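Okay, structure first, notes after.
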Amino acid sequence: MSEEGDRIELGQLAGEDGDEEDEDGDVDEDEEEDHGHPSVAVKKIRKVNKRFYRTRAHSNPLNDGFYKVLPRAPREMDWAAQFPAWRERTRDVSDAIDRNELAPYPQRQWFVDVGSGYGGLLAAMAPEYPDVWFVGLEIRERVMEFCEARLQRLRQDHPGKFDHLTYIRTNAMRFMPNFFVKQQIDKMFFCYCDPHFKKRKWRQRIISSKLLAEYAFVLKDGAVVYTVTDVKDLHEWMVGKFHSHPLFETLSDEQLAVDPIVPYVRDKTDEAIKVAKNGGSKYLACFRRLPNPPLSDQGET
């Protein structure tokens, strides 16, 4: 995590509504406040307001869509175009990835938020983990426009602190293997996913037995998947799918209590802040990716 210094106020990262805006919907005042921390200056950043990026809460992931960033294979993904810090912190990757082999990524961790929404989770974590690549994947176009505006403002107001964070509009249910190679990701987040209440729409849920196989492919051995929702039925659905998959095990309450990422997932996302404000319940479950079993244990084909 980053050393103690200037602390960015989380409420500003969340892009909450209700502040005085200019004609473009931005808050243009830069302020510093002392909140009882003599060695920490709390900086308020200029916000991009959500009210100018309203959209439908649901999007059908089974529909076709046009995506500006969609590599045919991970080797074609231009991460340098996404991360200003890429060229400074990595070696040349032009010929490093072949046949879905993991290279040269081991020297840096990858955190991926699937269905990142308005991007609050990764924006909160990025300043604290400067040596991690953060990728938010979101399917809704207007929400992605908000994320891009938010990220641009963050990079302007805090040079260098968000150059390892990016948001990409894509359909993670269909194109996850297009972006990531085998065993590339260290942590994956599913926060307040669309519950798709009707039974005929359950196949649109982001967690399913088939999709867990794809997620397991891009997760490193020992990687952790974090899930949180305010819908109990969806929580039980996700837990059941992970329990029945041979490549995942559930983390215990004791393990969650010492995991520094859990407070971000539980309390710091845009939706978590809204749920807490409304007095709703939060259902958290986390799972570790297990190593593949030996071929001798997989049975004859």
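Using N, Cα and C of the backbone, Cβ positions are placed for all residues, glycine too.
In TrEMBL, annotation is done automatically, which means it is predicted and not curated.
Taken from TrEMBL, the feature region 'Disordered' covers 1-39.
Summarising the annotation, TrEMBL assigns compositional bias 'Acidic residues' to 16-33.
If you look up TrEMBL, you'll see GLY115, GLU138, ILE139, ASN171, ALA172, CYS191, THR269, ASP270, GLU271 marked as S-adenosyl-L-methionine binding site.
Look at TrEMBL and you will find ASP194 tagged as active site.
Here the binding residues for S-adenosyl-L-methionine are GLY115, GLU138, ILE139, ASN171, ALA172, CYS191, THR269, ASP270, GLU271. Their largest Cα to Cα distance works out to 21 Å. Among the binding-site residues GLY115, ILE139, ALA172, THR269, GLU271, the ones whose Cα sits within 10 Å of the Cα of ASP194 (active site) are GLY115, in sequence order.
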